[in-house]
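Copied from Swiss-Prot, the annotated features are:
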- 2-80: domain 'RRM 1' (DOMAIN)
- 90-167: domain 'RRM 2' (DOMAIN)
- 181-259: domain 'RRM 3' (DOMAIN)
- 285-362: domain 'RRM 4' (DOMAIN)
- 552-629: domain 'PABC' (DOMAIN)
């Protein structure tokens, strides 16, 4: 198997679109578009797994930078080991690029020096180039060759710089060491009459000056700041220590410090801002409350009045838009954590105005996102464990057998197909002959399930049920013979080692005509194990006959809204099977099981749109055909 990373994807591209594109290069095992845990929006990249490395290499060579939704995609080999990606070996940094140079232009320029693993031009939120980029070569030799050849060259009329990539931590460490050896000084907060000569006279006592400049406006007036460059580091440090904070009159205090580049200054300001924000958050932690679902008539004063009985309030604010209308939420800050806790206990859910309030401790955006992500992952883990621990017995209303492990994969390559059961997930609803309407006999299915959802026949149960209760005789031998004949006709087979009932034998679990109904068996027939006990699940309500009509989508949607997740799949399966059976009767069971891996919303769309269903069915048939061709002979 070979895996490719596909980046720079538009937000609306999904697995289906990528499958259509990459399947032309060769058999695709799986495709996964990476999405946000909470919003499920695409993160802009995906992984495509090919069966053969040659097919993946063909896709990389022929499809890299192809347009998808009028946007070029970026393809490279997937590096699963993060140490290889972050080592910096073979990585080259390019800056001073022309704004017209994109990823493809960089790739075409540098591919002459060696095999490129990845290349990227940095862009802003609008997709405009930031003027720098990166190229990752397979070998360090190719990277060094590109530096020697391209550094100082003209690309689109601009002289570019090409050098070895230095990780951010090393750059910051290097800048920190350089910061101690500065000679250039930044000066601000002096009066408007300060010119270049006055600036020189002011700083000259602290050492030899190589250059000095007061920045001025177009009319010649000072902007209030300037620069002084000393010959030695000692002189610059002495000037900073002596003059920083000096009173300049007119209420101004002189600011003198090491001159910084814009990016360095912005980074330092950002770091200080984060520190202040963290301190402010820590100071109000446990005392600041978030209040939402506020009535439109509630303002700051009414919010304070509502919360004032529970403690001393330091601030209360209802958030408003530009026109002063309430946004429906606000914040209340108490003096003590115990007061805030009391307010949450008493006011959460209480009606204030005309709406019940939601009151909780305020959280930062990052904390709230992390908390929601944690909740979502716990919920998904619980659902997986619940499905893993349950074995479902097909009941009279459905033939759906839930897969042991859930899967979000929509496309099934040959490797996935080899893991499929020989028997489909869908068990046929076997209608017993009239002579044995009460007999319950278990059998493993070999075909699909009954297409008609209304008037569902009684399903055969395991013959082992009689081992735990009374074993009444069936009057006559015709019922047993008919049951055995019916099982042969439906393709059912008994479990290995299970004795078949002879015509004159007693049938365990059978019902005497006109007698009371036997209790349902707690055993289940499978093709590879002996009658494992299964937990009793409640019977789902059979789907009404009217759902088989044309105008049934609204009724199905209403049933799904009131059903549990397992029952939703059963309802959709009962509706899909007869539609698929008309297209491919022999494969209807397997195809239905494959399609039920898809999300319910898309299944509903396929029920309404015959063309969409037909396309998806043909796709599943193609996968099964590939599986049959590639499956080794037994």
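The backbone N, Cα and C atoms fix where each Cβ goes, and this holds for glycine too.
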DSSP helix/strand/coil residue counts for the domain 'PABC' (552-629): 65 helix, 0 strand, 13 coil
The domain 'RRM 3' (181-259) - residue tally per DSSP class, helix then strand then coil: 22 helix, 31 strand, 26 coil
Averaged pLDDT, computed only over the residues in the domain 'RRM 3' (181-259): 87
Helix, strand and coil residues within the domain 'RRM 1' (2-80) as assigned by DSSP: 19 helix, 31 strand, 29 coil
